[in-house]
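J.: Swiss-Prot feature annotations, pasted as is:
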| type | residues | note |
| --- | --- | --- |
| DOMAIN | 9-241 | domain 'ABC transporter' |
| BINDING | G41, P42, N43, G44, A45, G46, K47, S48 | ATP binding site |
Amino acid sequence: MNRDNTIAWAVDDLCVNYDHSDVLCHIAFSLPSGAMAAIIGPNGAGKSTLLKASLGLIRASSGQSLFFGQKFAKVHQRIAYMPQRASVDWDFPMTVLDLVLMGCYGYKGMWNRISTGDRREAMNILERVGLADFANRQIGKLSGGQQQRAFLARSLMQKADLYLMDELFSAIDMASYRMVVDVLQDLKKEGKTIVVIHHDLSNVRQLFDHVILLNKHLVCSGSVEKCLTKEAIFQAYGCELELLDYTLKLSRGKYQGSC
């Protein structure tokens, strides 16, 4: 496997099985540093599983993942992971500011005191995502879009080089959408690498420069032009293709290639 530090994320022959059933089969790709990538594919394609297995949150049956040429444990401080909103316990007694300050733990450690400077930085980040006025609100009292922005703020507090975000754009309003896009574009300009599990094919071309297209196996990894074709989408989505016709036409104006 490539150990070049210019490769932010490299996956080699990764397989995951649940109850003797294949969830991911022989996934292999490399993502260059500075890319802004969408992981796309139908429901059940293994998109979230790919992130979790790569981070060691679930066990892979074979293969491995490297980040910046190293195992995750060696470079975890350089990686920020944002889970699916649905997986979070929103009743947990934690304020928005507390959530953002959790982003310090990767580089400060769990038991080091949070400083006044840390709190000031967290408030600046909350201002950046439009949540400064909600700093002392319990996280479950936020709207869906605000909750996504709060977790994005926690990721920003980590000062990472690679951001892995599971369904970042899920259940957000237009104001949150625009704010999130602005933040991602700023991160891109800073040379950060961004990976988002994404479902709306109509805006992939506008938001991303790289695609990882899955359906339990890797269909395509590379530029949007390479992967967002009728052939590749049909391979991944199969009989769902007709349902995607309108969104793909919005994305490109027309299909590229033919079946």
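Positions of Cβ are set from backbone N, Cα and C atoms, glycine also.
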J.: Out of P42, G44, which of these binding-site residues shows the lowest number of other CB atoms within 10 Å of its CB?
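T.: Comparing Cβ neighbour counts within 10 Å for the binding-site residues P42, G44 gives G44.
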J.: To test your reading of the ATP site: which residues beyond G41, P42, N43, G44, A45, G46, K47, S48, same chain only, put their Cβ within 8 Å of the Cβ centroid of those residues?
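T.: Result: T49, L214, N215, K216.
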J.: Of N43, S48, which of the binding-site residues has the most Cβ neighbours inside 10 Å?
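T.: It comes out as S48.
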J.: Let me know how many other Cβ atoms fall within 10 Å of the Cβ of G41 (ATP binding site).
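T.: Cβ-Cβ neighbours of G41 (ATP binding site) within 10 Å number 24.
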J.: Report the same-chain neighbours of K47 (ATP binding site): residues 6+ apart in sequence with Cβ closer than 8 Å to its Cβ, ordered by sequence.
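T.: I39, I40, G41, D166, I197, L214 - these are the non-local Cβ neighbours of K47 (ATP binding site), listed in sequence order.
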J.: Only counting partners 6 or more residues apart, tell me which same-chain residues put their Cβ under 8 Å from the Cβ of A45 (ATP binding site).
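T.: A45 (ATP binding site) has long-range Cβ partners L214, N215, K216, A236.
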